[in-house]
Every structure is written in C-alpha cells, then in structure tokens.
C-alpha cells in the first residue's frame with residue numbers, strides 16, 4: 001500500500017490508497033461503537049451484581065436491576081454504541097465495519113479483568129492480539145466507499161439480477177430452515193438457529209446501510225425521505241431485525257453462549273461480506289492482493305475470537321463476560337439477549353449438555 005505524504009483536498013481526502021475520508025469516519029464510528037458496547041457489558045454486570053445484593057437475581061427471574069441506576073448507565077452506553085455502529089455503515093463499506101465488531105469483546109474482556117477481577121488466560125491475551133492484528137489488516141486494505149448521491153442508486157444496486165438471486169436464495173433457505181429444520185433439529189443443532197440469524201442478518205445489514213446513506217444525505221441537505229425506496233428499506237430492516245431477535249434469542253436460550261457467539265460471528269460476518277461484495281461490488285475497486293489480504297485479516301480475527309471464547313471457559317468455567325457479538329442492525333437485537341446473558345435472562349445449556357446432545 002503506497003502511503004501518501006499529504007491528504008488530497010480535491011478527492012475527499014486520502015491518507016493512502018483505499019482509505020478515503022468517508023472510510024476514516026466509518027472507522028472512527030465503528031471503533032467508538034466497539035468501545036461503548038464493550039464497556040456497556042461491564043457496567044451492566046456491575047449494576048446486576050449491585051442489584052442482586054438487595055433483591056432477586058435477574059438470572060432467576062428477578063427484575064430488581066431495573067431500579068439500579070448503574071444498570072441503566074450500561075444500557076444507555078450500549079445504545080450510544082449501537083447508534084455509532086449504525087452510522088458507521090453510512091460512511092464505510094460493510095467489509096470494513098462488520099469485522100470490527102470483534103473488538104467489543106476484547107474491550108469487555110480487558111475491562112472484566114481490571115474492574116471485575118475476572119481472570120484472563122494467557123491464550124485469551126493472544127486471542128485479543130490476533131483480533132487487533134486482523135482488524136488492522138482489514139482497515140489498511142478496505143475498499144473505498146462507493147460514491148452514492150441518492151437512495152434510488154442503492155435501490156438500483158439492490159434490484160440488480162445478482163443481488164436479487166442472492167436474496168431469493170437466502171429467503172428460500174431461511175424458509176426451509178424455519179418450516180422444516182427448526183421443528184426437528186432446533187433444540188439439538190446450533191447451526192439451525194444461527195443459520196437463520198446469519199442469513200437474515202446479511203440482508204438486514206444491506207438495508208441498514210441503505211437507510212444510513214439515506215439519512216446521511218438527508219441531513220446533508222438532500223431529502224431522501226420523499227422516496228418510497230427509503231421506506232421500503234426501513235420495512236426490510238424492521239422485518240429482518242425482528243426475525244434475527246427471535247432466532248438469536250432461541251439459540252442463546254438453548255445453547256451455551258461460548259458456542260453460539262463465535263459460530264454466529266463467523267457465519268454472520270462471512271455472509272454480510274458476501275452480500276456487500278455482490279450488492280455494492282466492493283471488490284471491483286480492489287486488486288487481488290488487497291482482497292486476499294482482507295480475507296487473511298478476517299481469518300485472523302476469527303482465530304482470535306474462537307481462542308478468546310475457548311479460554312474464557314478455561315478461565316471461569318464457562319461464564320462469558322460479553323455475551324454475543326454485535327449485530328449491525330438496530331439496538332433491539334442486541335439488547336434482547338446480550339443483556340440476558342449478563343444475568344438478566346434465561347439460563348443457557350451447559351457446554352457438557354451441548355456436547356452430549358450430539
């Protein structure tokens with residue numbers, strides 16, 4: 001990657017080839033999102049512990065945490081992080097923003113070690129390092145954001161034959177999973193619920209990005225709310241978020257979080273990158289070396305996340321501080337279960353019972 005000595009004033013500003021001014025904004029927003037969301041897990045957990053000392057624990061059906069100000073500070077912190085994550089998609093391609101979701105568990109793991117005195121295994125530290133290295137690799141080689149001047153341009157991209165075929169395949173597979181495999185294998189095979197979440201999630205991210213672009217253009221003076229396409233994308237986002245929330249909750253309610261989180265992150269991020277490549281043609285603006293380097297960075301992040309979750313089980317007997325990776329959609333998806341696994345929801349099946357069910 002050739003480093004430019006100065007930013008280009010006429011080209012939107014570039015630090016180096018591939019890192020546009022919009023990419024930098026998206027990067028800052030994505031990193032801020034990871035910081036806020038990672039910290040929110042710890043703040044909420046401290047609030048839960050404080051509430052449990054004077055009331056019924058959330059894990060056994062109590063709601064005393066709702067009267068604990070510290071828990072609400074954590075919830076507000078998470079909302080801020082979700083808003084930043086949503087905004088990041090308006091400026092940077094999904095192939096840059098989505099993988100950075102792994103950084104939130106690094107932050108929560110480090111803060112848990114410092115603030116909650118939870119042990120961080122040496123291999124957990126290695127996992128954190130791998131996530132940082134992989135994220136840095138992706139950031140340095142991410143494609144520039146596509147120049148879009150109207151939400152109708154995004155609609156045209158979404159209705160091209162290639163993406164329509166992808167969407168049709170996703171809908172067909174999801175329908176088959178929901179109506180055939182969920183009743184038979186949902187309680188015994190983690191891939192069923194996660195498959196639904198990941199497939200629907202890849203569509204939701206594209207719609208979130210479209211909606212984010214529409215709002216960005218509207219706030220900059222070009223009203224996009226007058227176009228029916230904006231509201232069509234909004235309906236898709238709402239539908240996808242409800243579906244994701246439902247099946248992610250089912251997965252987390254049935255299986256151990258340390259099993260669900262890395263598998264979900266892998267499938268969700270992989271499918272989101274695929275959807276972005278098809279719809280926004282991210283790789284058309286890159287050479288083969290950049291593409292391969294991005295994939296290597298992604299694999300490095302995956303290795304780090306699996307290592308982190310595995311060593312969390314080694315360190316504290318299966319208790320995971322950060323309960324799941326971020327869904328880059330509306331905040332309701334993450335709230336619905338990440339808070340539960342901080343102690344507010346339904347107990348998860350143990351790792352031993354998960355293994356024995358197979």
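Including glycine, each Cβ sits where the backbone N, Cα and C put it.
Here is what TrEMBL records for this protein:
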- 323-332: compositional bias 'Low complexity' (COMPBIAS)
- 323-358: region 'Disordered' (REGION)
- 24-43: transmembrane segment (TRANSMEM)
- 63-80: transmembrane segment (TRANSMEM)
- 86-110: transmembrane segment (TRANSMEM)
- 122-141: transmembrane segment (TRANSMEM)
- 161-179: transmembrane segment (TRANSMEM)
- 191-214: transmembrane segment (TRANSMEM)
- 226-247: transmembrane segment (TRANSMEM)
- 259-279: transmembrane segment (TRANSMEM)
- 291-308: transmembrane segment (TRANSMEM)
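Sequence-distant contacts of the transmembrane segment (291-308) (same chain, six or more residues past either end, CB-CB distance under 8 Å): 95, 99, 102, 105-106, 109, 123-124, 126-138, 141-142, 261-262, 265-266, 269-270, 273, 283, 325. Ranked by Cβ pairs under 8 Å to the transmembrane segment (259-279), the stretches 86-110, 122-141, 161-179, 191-214, 226-247 are led by 191-214. Among the stretches 24-43, 63-80, 122-141, 191-214, the one making the largest number of Cβ pairs under 8 Å with the transmembrane segment (226-247) is 191-214.
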